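Novice: Among the features that Swiss-Prot reports, active site, proton donor is placed at 214. According to Swiss-Prot, the feature active site, nucleophile maps to 328. Residues or ranges marked as disulfide bond in Swiss-Prot (evidence: similarity to another entry): 301-423, 326-352. Summarising the annotation, Swiss-Prot assigns signal peptide to 1-17.
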């Protein structure tokens, strides 16, 4: 959930033909060519993120520093031990989401959910501290989708060794995913996911399997990542002789070059129903945080224009309404906010005190959030749609679809516009 900021005044070049129909061996339940996903991410459920559910982590905080606070799920389970960790996480898995959430999503116009899950839910490495039991609740979530007329992506959010070093991969500050043994385990996990969720038992609900969330291209071997994508595709497409027809989702790996993936895994090479996943935030870069609201909007609109001309079907699988990085632990346990000058020697912009609770937001800030949200909705629907990150949090309102909707800052209905035609499409 980190890392993209493109210069807003970058000229959009290399225009190519609009996406063409992708070869389908069998009609998909979802029409990626013509329909729009309007979805939310179920963040912080099966992969812990301290800023989404700080209550799970704050028991170690003394109010002055975070020295004893685990920084991710790996260290959370390691610190507790398997028995206590399982007890606490079972309580979390069974309560953080209920069917009432899914019913409310449907009521608000949501038609799909993206469900992050780590490799450790399916297979453990030797000496892994992680605990298992998530799959039962994943199955329950898919049944709740079925009951409420929602579709789902199953998203492999964390790979062994970590693919990006983010806390949301399960293991922070590690980049060892491309070690041979870790790639092997990741492919085995994809085979397991594909065999169960890519087959006929779930084809009415699961409309995509994401091979890996946010591999950090700038620190990875991109040739190796491309090979992994091809191998992962094969693991799901042809699983013990049973062919899966589901959409295969590949993340863009934060490659900033326009149309980077256009010539990869194309129909002409025998690949079909491939979708590219883009994630867009404008708060993880000092220059982005300092932009005027008009420039935030222009950036989002430019992304929408660029994505519209890509060769592959594509979705914006993560985005938010955030204009600050003020949410506690958003940048990781032990890190402050760039906005307040408490992260990596960043210059001070403003205090975070008025941004961490909706009740403290000024009318001007609420207007800016609504404008920015509407512009992003318009931009992402230039292509195949979107998944907002995320449905709910404990105390991070800029990232909380439920809270923002209740405050009138996400449109209801979703196509309502107080600030129409901001992108000029």
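Just so it is clear, glycine is given a Cβ too, placed from its N, Cα and C backbone atoms.
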Novice: Find the one among the recorded positions 214, 301, 423 whose C-alpha lies closest to that of residue 326 (disulfide bond).
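Specialist: Closest candidate to residue 326 (disulfide bond), judged by Cα separation, is 214.
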Novice: Measuring Cα to Cα, tell me the gap between residue 301 (disulfide bond) and residue 214 (active site, proton donor) in whole angstrom.
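Specialist: Rounded to the nearest whole number, the Cα-Cα distance is 22 Å.
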Novice: As a test of the contact definition, list every same-chain residue at least 6 positions from residue 328 (active site, nucleophile) whose Cβ is closer than 8 Å to its Cβ.
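Specialist: Those within reach of residue 328 (active site, nucleophile), by Cβ under 8 Å and sequence separation of 6 or more, are 51, 54, 356, 395, 396.
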Novice: Long-range neighbours only, meaning 6 or more apart in sequence with Cβ under 8 Å: which ones does residue 423 (disulfide bond) have?
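Specialist: For residue 423 (disulfide bond), the qualifying residues are 297, 300, 301, 304, 305, 375, 378, 379.
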Novice: Looking only at DSSP and grouping its letters into three states, which state does residue 301 (disulfide bond) belong to?
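Specialist: Reduced to three states, the DSSP call for residue 301 (disulfide bond) is helix.
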Novice: Give the distance between the Cα atoms of residue 214 (active site, proton donor) and residue 352 (disulfide bond), rounded to the nearest whole Å.
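Specialist: Taking the Cα atoms only, residue 214 (active site, proton donor) lies 27 Å from residue 352 (disulfide bond).
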Novice: Among all protein chains shown, how many Cβ atoms are found within 10 Å of the Cβ of the residue listed as 'active site, proton donor', not counting that one?
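Specialist: Total other Cβ atoms inside 10 Å, all chains included: 26.
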Novice: Given a separation of at least six residues and a C-beta threshold under 8 Å, show me what packs close to residue 352 (disulfide bond) in the same chain.
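Specialist: In sequence order, 324, 326, 337, 339, 340 meet the Cβ cut-off.
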Novice: Should residue 328 (active site, nucleophile) be counted as helix, strand, or coil on the basis of DSSP?
Specialist: coil
